[in-house]
Every structure is written in structure tokens, then in C-alpha cells.
Amino acid sequence: MAEVLRPEMLDISNDTSSLASPELLHVLAVDDSMVDRKFIERLLRVSSCKVTVVDSATRALQYLGLDGENSSVGFEDLKINLIMTDYSMPGMTGYELLKKIKESSAFREIPVVIMSSENILPRIDRCLEEGAEDFLLKPVKLADVKRLRDSLMKAEERAFKNMMHKRELEANDIYSQLKRAKI
């Protein structure tokens with residue numbers, strides 16, 4: 001006869017310490033300026049984030065596998081927690097990149113932050129209305145990055161806790177069903 005595991009015996013941990021550790025946050029940084037790319041990369045690394053940098057919105061789409069061709073990384077291995085992109089880039093703007101990401105079922109939930117050295121209110125409003133998490137004026141400050149990282153970690157932790165709660169409810173339901181069936 002099979003042993004029935006009670007929910008409390010199942011390995012359902014509520015420990016989110018590994019999830020909330022900053023080194024797990026992976027940021028895709030997109031900027032056509034090498035100086036700005038290096039600067040944002042340094043700020044993110046100082047804030048204990050893993051960083052992937054690309055020099056255009058087109059390269060970002062290729063990296064994410066949204067260009068209609070092969071991505072540079074296997075989709076199952078791709079875990080991006082945040083995308084930070086410059087607004088003004090040749091070829092495709094950060095706004096156009098934002099729209100493509102938000103149209104994607106695979107990536108629409110990833111927060112996108114737009115950066116710009118131009119403080120143009122209609123542009124800022126349009127990006128926020130399209131789903132940008134935030135709009136930062138360049139030069140981006142360490143305090144901006146830390147604030148984004150902290151809010152992102154809290155959101156990730158909430159999502160993890162919700163998932164664990166759902167699993168616990170499912171385990172309780174299975175246990176109840178098995179108990180009723182007297183297995």
C-alpha cells in the first residue's frame with residue numbers, strides 16, 4: 001500500500017532567502033552608447049545584479065528570441081528579471097522595443113525601464129502608458145538602480161510566496177482526495 005504524504009510532510013518550503021538574494025536578479029541593459037552601456041553595467045554590478053549588455057534594440061530582440069530567428073540563448077535557460085533600455089537609439093527606439101516586449105506572451109511580465117537624457121513629458125507619459133515600469137533620466141544614479149532592484153526583489157518574493165501558497169493548497173487538496181478515497 002502506498003504511503004500517503006500529508007501536506008506538512010511534503011517538501012514545500014516557504015524559505016525565500018535564495019530567491020531574494022540580489023545575485024539572482026538578471027538585467028538586460030540596452031544602449032547604443034558604449035559609455036552609457038559601461039556606466040549602467042557598472043552600476044548594476046555594484047548593486048549585485050547579473051548584467052547582459054547589448055548595443056541595440058534589435059540585438060535585445062535577438063537575445064530574447066523575439067526577432068523571428070534563433071536566439072543567442074536557449075529560451076529555457078533565459079531568466080531576465082528586468083530590461084533597462086535607452087529611449088533614443090538608431091534603428092529601433094526603446095519605446096518600440098518596449099512595445100515588442102509587451103506584445104510577447106513570454107516576456108510581457110518582465111519590467112522594462114526606459115532611460116533618456118531628454119526630459120520630454122509626452123515621451124515619458126507614452127512609455128509609462130505602454131507599460132514601462134519606470135522612466136529614468138540619465139545619468140542614472142546608483143540610488144535609482146538600488147530602488148529598482150529592491151522593488152523587483154520584493155515583487156519576485158511576493159510571486160514566489162504566491163506560487164508556494166498555491167502548491168500548498170494543491171497538496172492539501174490531493175491529501176484530502178486521497179484520504180476520502182482511503183488509499
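Each residue, glycine too, has its Cβ placed from N, Cα and C.
What TrEMBL records for 26-153 is domain 'Response regulatory'. Residues of the domain 'Response regulatory' (26-153) grouped by DSSP class, helix first, strand second and coil last, total 56 helix, 24 strand, 48 coil.
Marked as 4-aspartylphosphate by TrEMBL: Asp86.
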Mean of pLDDT values spanning the domain 'Response regulatory' (26-153): 89
